[in-house]
Amino acid sequence: MAELTISSDEIRSAIANYTSSYSPEASREEVGVVTTAADGIANVSGMPSVMANELLEFPGGVIGVAQNLDTDSVGVVVLGNYETLKEGDEVKRTGEVLSIPVGENFLGRVINPLGEPIDGLGDITDTEERALELQAPSVLMRQPVNEPMQTGIKAIDAMTPIGRGQRQLIIGDRKTGKTSVCIDTILNQRDNWESGDPSKQVRCIYVAIGQKGSTIASIRQTLEEHGALEYTTIVAAPASDSAGFKWLAPFAGAALGQHWMYQGKHVLVIYDDLTKQAEAYRAISLLLRRPPGREAYPGDVFYLHSRLLERAAKLNDELGGGSLTALPIIETKANDVSAFIPTNVISITDGQVFLESDLFNQGVRPAINVGVSVSRVGGDAQTKGMKKVSGNLRLDLAAYRDLEAFSAFASDLDDASKAQLERGERLVELLKQTEHAPQSVEHQMISIWLAGEGEFDDVPVEDVRRFEAELIEHLRSNASGVFDQIAGGTPFTEESQAQLKQSTSEFKRGFQTTDGTPIIREPEARAMEQDEVKQSEITVTRKTV
């Protein structure tokens, strides 16, 4: 058996190597203890150094956001299943403020307000982190809004135009088509996306707050069927989610949009709707025992929306010239725009599109009340061609509404008033559009210009929309040069106007109304007078046998 020898030098060397590589460390962790947990709110004792909006970790991987920072306790909004929490549970600080992953791979996906995919299509890779609560761009970082954000809806693009970087409120009662207006705006960006031109492409973010899960699934299907999902991200906080998720969802959409905006890209964010976010924030504030104010909303509910919507901007060229356009939706009750939340958001935004239930029930869709709707950016957000053809449209419609109200009491109207009424009826009909069928700027310009020139005056009201659709198809085939000339909203030339007039006259000759009569009838033949007829006498000679 071999003899075991131990060298003291080897032992000394091994001990020296171990001690040189060892660095004594002491980990320090600040923890707290749950005192109460109910209704999505947890009160935690301890953690005197916790930060506002810091993420806290509960047992089972549940996270929360620190909100109330009292001297001896912290009020935490729990994000996730709070029913598993109980008194005495240990809570750990993370040292991080609430943030979400962002990146190009979020396009075409459905995520929750924490940036986690919920569409069953796997994890999202190659991402960066961005804080949810970010300071809005300063005044010096911005430039005036001067690029149009085409919605594809004539009534909006012509009279209440939206620009890239603008905040335009969509407001109205429930079931008046607010979501449809916003979805059509997303669908209208498809041609820009397919062009491949970064200066035209618009990335869209649809934030669904407090909606039914089936409604969100239906919207996703609509976007997919129309080829719009590839440039759209859906941030979903359905009605089944806790109030904390509904409160944070708009900030998640804004953080994702700002990531692209600071890269010099153009983004459209739709918040559907901020009324439900305000209600969720009210519930959180009351559970945190913050003092209530008007309509039981907390005192900082205005700041909740202002700091969110101020993140929409058109950056200056030094920062890349990117933009973030916001379309917040607010639901009113009985068309009452003087309620607390509607007046708050109206004062924050750069204009509003007001949808009325009365117009909707009359078949005017989109049900936009032109008199109340306004865009504070105005013509700066329009192309030169659209600005030129739509200059008198709002005035014509306003005059028609006044005359319509007057005609209800007046028995006799002069010919000029009757003509104005008839043209107004056709303008209202012309501004109606089918859902999910946005129109190009060239289509809109041609329709509005021809209506202003009186080309629709002899078309029966019930045939106006069919006449317009068939006329546009006819013009695409027989006057395609006009579409090329006004592409992108360039003003009409005199040659284009003459060609439009001629092609429209040709089309009218072959167009038949619903009852089968042509618009342009051939003049009836006039009976000839007796002295205008010359007859030769015919003499028949009959031989007798």
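Including glycine, each Cβ sits where the backbone N, Cα and C put it.
Swiss-Prot annotations:
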- G172, D173, R174, K175, T176, G177, K178, T179: ATP binding site (BINDING)
- S373: site 'Required for activity' (SITE)
> For G172 (ATP binding site), what is the secondary structure state per DSSP, taken as helix, strand or coil?
Replying inline: strand
> Hey, which of the recorded positions T176, T179, S373 is the loneliest by Cβ count within 10 Å?
Replying inline: T179
>> Can you check which residue among the binding-site residues R174, K175, K178 has the largest number of Cβ atoms within 10 Å of its own?
In response: K178
> How many Å separate the Cα atoms of G177 (ATP binding site) and S373 (site 'Required for activity')?
Replying inline: 15
> Cβ within 8 Å of the ATP site's Cβ centroid: which residues qualify beyond G172, D173, R174, K175, T176, G177, K178, T179?
Replying inline: E331, L355, S357, F360, A367
> What's the CA to CA span in angstrom from G172 (ATP binding site) over to S373 (site 'Required for activity')?
Replying inline: 11
> Reported as an integer number of Å, what is the Cα distance between T179 (ATP binding site) and S373 (site 'Required for activity')?
Replying inline: 17
> Once near-sequence residues are set aside, which residues in the chain of D173 (ATP binding site), 6 or more away, have Cβ atoms under 8 Å from its Cβ?
Replying inline: E331, T332, K333, A334, N335, L355, E356, S357
> Of all the binding-site residues given, G172, G177, which has the fewest Cβ neighbours within 10 Å once its own Cβ is left out?
Replying inline: G177
>> On the three-state reduction of DSSP, what should I expect for G177 (ATP binding site)?
In response: coil
